[in-house]
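Take a look at the structure below.
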């Protein structure tokens with residue numbers, strides 16, 4: 001497992017270098033974009049695009065892992081097909097990653113900082129995520145050279161061993177634990193609003209946002225990219241990432257899920273959580289990665305159909321749901 005992890009870290013940085021190189025020349029980058037075909041598209045978007053960088057990154061990961069571990073490449077699933085034709089007779093939406101977006105308490109609502117390279121490893125028999133690497137290629141930019149530096153995060157949870165790259169000072173860990181706990185005798189809605197923080201999709205349903213606002217108050221942050229929102233939880237910038245729709249996929253969640261497991265957290269199916277009571281939920285419904293959605297076609301075969309919640313500790317999840325559920329009307333999260 002350690003050999004696989006080392007290779008994943010190496011190939012993730014190789015992929016990040018490709019992503020940075022492709023963004024260096026804006027005029028060239030525009031030529032490397034095409035609209036996704038039927039079967040590839042995310043139904044969340046009226047028009048869905050991929051870039052040559054996306055395809056290169058995915059194929060580099062596949063080929064490098066196959067070269068190092070023969071046979072493994074065939075077991076790698078990803079978002080992009082390896083076909084890129086870019087018929088220049090088509091009209092393309094101008095795609096540009098903004099570099100000057102300001103963060104809100106460390107969380108970027110959009111921009112290049114939201115770009116992530118996600119590599120997750122799961123058990124073929126159980127579907128449990130075992131290992132995850134998240135490479136963030138665009139973290140800081142040198143204003144003189146305009147070149148970007150990135151950051152990589154990893155975690156492994158296997159046979160009772162949990163290790164990860166995030167080492168938090170004891171004082172910070174204790175502060176976060178205290179901040180996230182909600183005592184049983186808390187009756188003040190205003191007080192509850194300061195107990196949890198959450199990152200959400202900009203397209204989240206109004207009914208869900210309204211319920212969340214009663215739990216999180218102003219500590220509810222919209223951001224782009226499922227991978228980036230999960231990373232915000234991994235980094236401890238927020239307590240929860242919640243998404244009620246079925247437009248994230250296994251390749252969006254597996255890497256962060258593995259890291260969160262190593263941290264003592266996880267990622268669960270939102271819809272199934274809402275169908276259970278805290279008394280019966282001895283094992284919250286973790287997302288699994290080895291089974292296709294029955295009757296689905298194209299990328300929807302690997303969609304997270306019930307939505308998701310990413311969290312850093314089981315206690316956090318249970319307390320968060322106990323506050324959220326009373327504020328949700330039946331059917332608010334139906335997808």
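Just so you know, glycine gets a Cβ as well, placed from its N, Cα and C.
Here TrEMBL gives region 'Disordered' for one range in the set 150-169, 170-189, 190-209: that range is 170-189. All protein chains included, residue 252 (Mg(2+) binding site) registers 25 other Cβ atoms within 10 Å of its own Cβ.
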